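Undergrad: One structure is given below, represented as structure tokens, and several questions about it will come after.
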Amino acid sequence: MKGDQELQVIVQQGKESNPTVEEERNQTGESHSNIYKRWLRVIAYTFFVISGQSVATILGRLYYDNGGNSKWLATVVQLVGFPVLLPYYLFSIKTHTTTHRDDGKAASPRNRVLVYLVLGVLVGGDCYLYSIGLLYLPVSTFSLICASQLAFNAFFSYFLNSQKLTPIILNSLLLLTISSTLLAFNNEESNFKKVTRGQYITSFICTIGASAGFGLVLSLQQVAFRKVLKRQTFSEVMDMIIYVSLVASCISLVGLFASGEWETLSSEMDSYKLGKVSYVMNLMWTAISWQVFNIGGTGLIFELSSLFSNAISALGLPVVPVLAVIIFHDKMNGLKVISMILAIWGFMSYVYQHYLDDKNLKKSLGISTAESSDPPEAEGSSGQKI
């Protein structure tokens, strides 16, 4: 009887390990269909990142050029649109059930609140520096300087996340640093308002500081997920974005009222060159555009990785100078062209290094997966990162 049972088990295993031709075709068809759907989502998210960032930056410049002058209001609209993410959160949570890493230990409420507060303060200050930078810099110059965020991200990741500074990464850091430094010697005036040399330098320094802050926030988020939250799931990332945006929004609103700028908003709207309706629409669509950018960035994190999301964000920066030349008639002089070429070169070096790292990681995971008894499907979830 025992022998018969063993024979039945062997026969059953043989049947399971030898699917019919029709089943194989169905599985292949489903696999191809899933791949196509995934890459369609990647294309859509990439479009959201590039278009959202470009439109929001252009609208921010349009606000200043047509009579807007409130730096804190420009900061508020970068942040207060986060409730737009809630429908996306509720709609997507069922389709993003993959756990990238879960140590089984939920962070205490105290630590969680502390993470959100610290990051919220940094993000609020970061957005304010961006607002000052965009106030006096031509939008093309502003966007090229922002490309240095990749260099700062690599720099802080070296100290906080033990990222290796390979020759390719060092080459990227050097190119992005030179690219931003060149623009400090760019003698350029805005076509819409007279900008003094002091105002230009102030905006330049604030934009560099904002790019450094953005790189620091990305590195600290990675530390928070690894050491404090200890989970890297879709809900954790969305909670991070929403609660950090909530804290940063509160800080920017406090800044708006504490600075007294709120008292001038009524007269600012009345004197806006394009009219009151355009004033309101500009602020509303700026807020929505930044959240479209956030949706795209979050989607790319879970379809591919945080590296790809950050890289696409940096890739979209050269799009803005081209649009600025067309819309605002910014001057694209030789210094800017050289700066753009160096920024793109540095960006490509950065991406290439992480492409090599990702390729090596997949090879090592493939070896370990083959040696383990886990199913191959587990490789995809463990191979992704935040």
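Quick reminder: no glycine exception, Cβ is built from N, Cα and C everywhere.
TrEMBL does not curate its annotations; it predicts them automatically.
Pulled these features from TrEMBL for this protein:
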- 42-60: transmembrane segment (TRANSMEM)
- 72-92: transmembrane segment (TRANSMEM)
- 113-136: transmembrane segment (TRANSMEM)
- 142-161: transmembrane segment (TRANSMEM)
- 168-186: transmembrane segment (TRANSMEM)
- 198-220: transmembrane segment (TRANSMEM)
- 240-259: transmembrane segment (TRANSMEM)
- 279-302: transmembrane segment (TRANSMEM)
- 307-328: transmembrane segment (TRANSMEM)
- 334-352: transmembrane segment (TRANSMEM)
- 367-386: region 'Disordered' (REGION)
Undergrad: Under 8 Å between C-beta atoms and at least six residues away from its ends: which parts of the chain pack against the transmembrane segment (198-220)?
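TA: Cβ under 8 Å, 6 or more out: 118-119, 122-123, 125-127, 129-130, 132-137, 142, 145-157, 160-161, 180, 183-184, 188, 306, 310.
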Undergrad: Ranking 42-60, 113-136, 240-259, 334-352 by Cβ pairs under 8 Å to the transmembrane segment (279-302), which is first?
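TA: Most Cβ pairs under 8 Å with the transmembrane segment (279-302) come from 42-60.
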Undergrad: Counting only pairs at least 6 apart in sequence, do the transmembrane segment (240-259) and the transmembrane segment (42-60) share 3+ Cβ pairs under 8 Å?
TA: no
Undergrad: Considering only Cβ pairs under 8 Å, which range in 142-161, 307-328, 334-352 makes the most contacts with the transmembrane segment (42-60)?
TA: 307-328
Undergrad: With Cβ-Cβ distances below 8 Å as the criterion, list the same-chain residues six or more beyond the ends of the transmembrane segment (142-161) that contact it, or say none.
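TA: Beyond its ends, the transmembrane segment (142-161) has Cβ neighbours at 57, 61, 133-134, 169, 172-173, 176-177, 179-180, 183, 203-204, 207-208, 210-212, 214-216, 218-220, 222-223, 226, 310-311, 314, 317-318, 320-321, 324, 336, 339-340, 343, 346-347, 350.
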